[in-house]
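Swiss-Prot lists Asp89 with the feature active site, proton acceptor, giving sequence analysis as the kind of evidence. The NAD(+) binding site annotation in Swiss-Prot covers Asp89, Gly90, Arg94, Asn163, Glu164, Asp193, Thr204, Ala205, Tyr206, Ala207, Phe208, Ser209.
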Amino acid sequence: MSGSGDREILLIAHPGRAEIVETAHRAAKIFTEAGIGLRVLADEAPSTRFDSRAEPAPVTGPAGDAVRVVEHSAAAAVGCEMVLALGGDGTFLRAAELARPASVPVLGINLGRIGFLTEAEAEHLDEALGQVVRGDYRVEDRMTIDVTVRVEDEVVESGWALNEASIENASRMGVLEVVLEVDGRPVSAFGCDGILIATPTGSTAYAFSAGGPVVWPELEALLVIPSNAHALFARPLVTSPESRIAVESVATGHDAIVFLDGRRTLALPRGGRVEAVRGSEPVRWVRLDSAPFADRMVRKFQLPVTGWRGRRRTESTRADRDQD
């Protein structure tokens with residue numbers, strides 16, 4: 001829930017969505033009428049028509065100027081109550097890049113397809129933003145992973161991810177030969193197309209497609225999922241959130257690339273080493289409802305549940321039998 005004082009929200013929007021202008025301006029109207037300021041990034045202002053050269057003109061409200069254009073930098077979300085992401089999971093991940101260093105939460109409104117990271121669908125925009133205006137929401141922290149690339153024991157690159165770090169063959173040709181290490185001990189060596197290190201949040205993303213388990217977000221853990229491995233033992237692993245995962249690329253093999261959430265990359269030369277640990281900072285999440293994760297998974301993935309009777313019906317049947 002928000003604190004007292006001036007309230008301001010940073011808007012991040014998917015520029016390729018036809019409905020984004022209408023949705024963004026609807027959000028601006030709701031917030032400004034409630035006295036809440038809105039920030040937009042300078043490089044997004046033209047596509048959302050929040051610059052002085054575009055129509056419709058920015059709306060105004062009790063807060064004065066409806067929209068404040070800010071530069072796209074690590075400080076863009078500093079001082080905001082939250083970051084509002086209008087789009088799909090990719091937009092949410094982009095918003096998280098700005099929200100995390102500012103330690104502010106992200107609220108995702110789905111304008112995409114699945115939108116597993118988002119909290120509400122576009123048709124429920126007014127209701128969702130109404131809850132924000134009233135401060136009727138809670139914030140939960142989701143663990144991240146910090147990733148480091150070492151070459152000859154020297155740190156050469158580092159980054160972080162909310163969903164996963166995906167280590168892949170840079171040339172896309174041949175097999176990537178790796179050695180997996182957990183907590184300082186070797187576990188297995190194998191050839192593969194790649195290997196993922198994921199969080200519970202990322203278990204419903206790329207890791208899900210690669211055959212990894214779905215992990216409830218309340219459970220903190222690190223997941224290791226080999227992709228198309230050529231080995232008898234190369235199964236998905238679930239480790240402690242405090243584990244230190246390392247993947248070494250053999251010196252005679254291929255150069256590799258580490259994709260962080262599919263958005264940022266680190267170079268892994270042959271003979272290099274990737275280390276992943278629990279992130280130093282979480283990504284903070286705006287939650288508007290308390291629906292069970294199972295319900296969310298069924299809804300987002302459109303899972304069939306026909307035939308489910310549930311405990312209530314079972315208990316009533318037992319009660320009828322007891323009376324007989």
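Cβ coordinates are placed from backbone N, Cα and C, and glycine is handled just like the others.
Within the set of recorded positions (Asp89, Glu164), the lowest number of other Cβ atoms found within 10 Å of a Cβ is recorded at Asp89. The residue listed as 'active site, proton acceptor' sits 12 Å from Tyr206 (NAD(+) binding site), taking the CA atoms of both as reference points.
Cβ neighbours within 10 Å of Phe208 (NAD(+) binding site), excluding its own Cβ and spanning all shown chains: 17. Among the residues the record lists as binding NAD(+), namely Asp89, Gly90, Arg94, Asn163, Glu164, Asp193, Thr204, Ala205, Tyr206, Ala207, Phe208, Ser209, the two farthest apart have Cα atoms separated by 26 Å. Non-local contacts of Tyr206 (NAD(+) binding site) by the CB criterion (under 8 A, 6+ apart in sequence, same chain) comprise Asn163, Glu164, Ser166, Leu196, Ala198, Gly262.
With every protein chain in view, the residue among the binding-site residues Arg94, Thr204 whose Cβ has the most Cβ partners within 10 Å turns out to be Thr204.
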